[in-house]
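Novice: Got a structure here, written out as structure tokens. Questions coming.
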Amino acid sequence: MGLLDSLRSVLGISAESDATSRADPDDLFGMSTAYLTMEADLRFDSADEAALCFSSVDSTDFEDTVDAVEAILSAGSEETGTEFKRHTDGHGYNWVVLVDDDPEDLVTSIHFAADEFIERGYGSRLLAALFGFRKADDRVYWIYSFRRGAYYPFAPQGTSKRNQQLEFKLESVLDGELEIEDDEGYWYPLWPSTPNGHPWE
Amino acid sequence: MEWKPDWGLRGRMAFTMFLLFALYIVFAGVLVAYFQSLTIMVLFMGVFLFAQFFFSDKIALYSMGARVVDEDDGPQAQKLHAMIGRLSQQADLPKPKVAISDSSMPNAFATGRSQKNSAVCVTTGLLRTLDDDELEGVLAHELAHVKNRDVMVMTIASFLSSIAFLIVRWGWLFGGDDNRQNMPVIVAIIASLLVWIISYLLIRALSRYREYSADRGAAIITGRPSALASALLKISGRMENVPKRDMRETSEMNAFFIIPIKSDFIGKLFSTHPSTEKRVERLRDMEREMETF
């Protein structure tokens, strides 16, 4: 914690300034090669789905932004064949869900969508990008936190337990290839609402 | 989106802290000059502060009869965990512990000396009273307290005030039999009394400013100032006062309505929280700012 951070918390404005801090999408692209490692070293296939989770702002301008993101994604889908749908989950958070069997296209589309939010000044509302993987019965996710600019693994079992052993395995194998969040206090779960569902379903 | 910073609030907070700090420096000077047997008391207070600082989370949770819940402790616990997890993510905080207290009073609080070992506690009454958006606003308010390190700031701010209080209360024990020796003790007691009274008022002002700050933080974390505003109105029971009957039906009763008694200046000076009206008013300003920026 730097001097400036201390000053901010003493003045009671950390919460404000951190909640509006810029999104950091720089390391998002690490996922395009991570897909290969996941398959070659760990035998995890792409779930062919990825999703962007964002919290809304109660304003008309924000609604316009979401419309613009949709427009960009539907323009993109004509080129790459990436399907997308919008969705609001049980907690009131918004998702853009992308479906494509080419992982490269998933990463690109997530990046396009995130970029539009950031350019319109809503980067701070981006919570996470999720990339899904599967192997037999196991489902795991690499979650990219835009606040932290880093990835962390998430292996839900059912709707409220996580397979930490598997998460640490993913972390150790992909470390170096992905920018990984080293403070586990920030490995926030995003629970699926049904035992075999994706967090965004 | 960018929010307009509230410089007035920041300025008032900085000024209050400055006054408090200046007061304490003068106080320390007076004590050193007049009071010789201070060491034991300061040591005692040091232990007290240490304990308060390091066990504050457990003490607060224990005194509220709160139990820390896991993700799989039923649907309410799961909902709270999910909400707090996402809000902490938005606030860039490690996820705090989640606790529920069985009380019908709608209330919530946050504890913990640092961001790493904090806990957010809500009462069952709060869970019953608020809908999800409003609950989220209240949780974000508590997370903003954690983020702003309010427990630490207020503990440190109150430290010397507690010492002053102790001297006022027990200082006479240090007086000797000799009248000449008694003089410094009496001066110290009088000085302590003054310090205690002034710091008490300043700390209360500081506490009110930090509530405003946490409200702003919460509005920015959730992106929805109106949700917190309506939660505040609900908690303070004002929502119940909004008439639900058609005005035409009740118009003949108008003459009998009582104007709520406004709390006077002295009452405001002693309160730790700003009035709900003022908090809601500021949240409305933020809502307006968001829609028209």
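Placed from the backbone N, Cα and C atoms, the Cβ positions cover glycine too.
Below, the features straight out of TrEMBL:
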TRANSMEM  B:12-32  transmembrane segment
TRANSMEM  B:38-55  transmembrane segment
DOMAIN    B:76-286  domain 'Peptidase M48'
BINDING   B:His141, B:His145, B:Glu211  Zn(2+) binding site
ACT_SITE  B:Glu142  active site
TRANSMEM  B:151-172  transmembrane segment
TRANSMEM  B:184-203  transmembrane segment
Novice: Taking the Cβ of B:Glu211 (Zn(2+) binding site) as the reference point, list residues of the same chain whose Cβ is under 8 angstroms away and which are at least six residues distant in sequence.
Specialist: B:Thr272, B:His273, B:Pro274, B:Arg279
Novice: Which residues, sitting 6 or more apart from B:Glu142 (active site) on the same chain, put a CB under 8 Å from its CB?
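Specialist: Looking at Cβ-Cβ distances below 8 Å from B:Glu142 (active site), excluding near sequence neighbours, one finds B:Ala108, B:Phe109, B:Ala110, B:Val120, B:Ala214.
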Novice: When DSSP states are folded down to helix, strand and coil, where does B:His145 (Zn(2+) binding site) land?
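Specialist: Looking at the DSSP assignment, B:His145 (Zn(2+) binding site) belongs to a helix.
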Novice: Who sits close to B:His145 (Zn(2+) binding site): which same-chain residues at least 6 apart have their Cβ under 8 Å from its Cβ?
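Specialist: Those within reach of B:His145 (Zn(2+) binding site), by Cβ under 8 Å and sequence separation of 6 or more, are B:Ala110, B:Val151, B:Arg210, B:Ala214.
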Novice: Does B:His141 (Zn(2+) binding site) have same-chain partners at least 6 apart in sequence with Cβ under 8 Å from its own Cβ, and which are they?
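Specialist: Residues satisfying the criterion: B:Ala108, B:Ala214, B:Asp215, B:Gly217, B:Ala218, B:Leu228.
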